[in-house]
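As recorded in TrEMBL, the features of this protein are as follows:
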BINDING   Gly9, Pro10, Ala11, Ala12, Ala13, Gly14, Lys15, Gly16, Thr17  ATP binding site
DOMAIN    5-205  domain 'Cytidylate kinase'
Amino acid sequence: MSFVVAIDGPAAAGKGTIGRRIAERFGFAHLDTGLLYRAVGKRAIDIGRGVIDDGVAEIVARELTPADLDQPGLRSILVARAASKVAALPAVRKALLDFQRDFARRPEGVVLDGRDIGTVICPDAAVKLFVTASAEERARRRQAELAAKGEAPSFERVLADVRDRDARDAARADAPMVQASDAILLDTTELDIETAVAKAAEIIEQALSRAGRS
Ligand code: CDP
Ligand code: CDP
């Protein structure tokens, strides 16, 4: 069985950065599952010229290829918003399930980050982390990240996006964002990225040694 690290948490909490760094450190494969929903959201708004049709979103989700996750423009606020709308559709979530479960079977060990990894996609994961930080701190980080890429929304707009998506992600009926009962909470409000990664790495090392894999 593959060694699975599940990282969930709200928007811009540091899930992807921690996931990528952990994957490099332990030689695991990494999947940022938010990219799947972002790719579906982007195609759905492109095809519908700004309007998302549920049926179209489902077809896009079924036809998604790994190359779609590499396209430019997935990180914008507009696409994030579209992603959280299509993510509330059960047919879209179902269409993306096999891709994520297949990825989780990779033999070298895997890190998946998202909202429902520890609860729905990989409920038997060896390590489950729920990474969070205050909404203001997350908005500050996301704004700095977007500014570095040339997109310069106001702090208020980024904070509103973060809060809107958190509320929609937590309220949906299908695979809502929630901390799994056996997940470890990592609040990074006061932590820099190095310290957050070091804490995650320590938890993973302990789990690897329990599994006899270190
Ligand atoms: O994947 P997720 O949306 O949860 O967050 P991310 O894209 O990994 O992180 C958002 C931004 O916050 C990135 O620019 C990270 O480098 C930064 N970050 C930070 O400054 N301090 C942390 N403890 C975690 C992330
Ligand atoms: O990077 P950030 O945390 O801002 O967002 P993301 O992880 O790229 O996810 C974008 C949107 O996709 C989220 O707001 C969720 O609505 C959705 N998503 C989801 O429903 N389930 C996942 N496993 C990952 C993302």
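Cβ atoms are placed via backbone N, Cα and C, with glycine included.
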Remaining residues near the recorded ATP site, that is with C-beta within 8 Å of the centroid of the site residues Gly9, Pro10, Ala11, Ala12, Ala13, Gly14, Lys15, Gly16, Thr17: Ile18, Asp113, Val131, Thr132, Ala133, Arg138
Listed in sequence order, residues with CB under 8 A of Ala13 (ATP binding site) and six or more positions away: Val131, Thr132, Ala133, Arg138, Thr188
Of Gly9, Ala11, Thr17, binding-site residues neighbouring ligand 2, Cβ under 6 A: Ala11
C-beta crowding around Gly9 (ATP binding site), within 10 angstroms: 27
Cβ contacts of Lys15 (ATP binding site) (under 8 Å, same chain, 6 or more positions away): Ile7, Asp8, Gly9, Asp32, Gly34, Asp113, Gly114, Val131
Integer average pLDDT (0 to 100) for the domain 'Cytidylate kinase' (5-205): 97
Neighbourhood of Thr17 (ATP binding site), C-beta criterion under 8 angstroms, separation at least six: Ile193, Val197
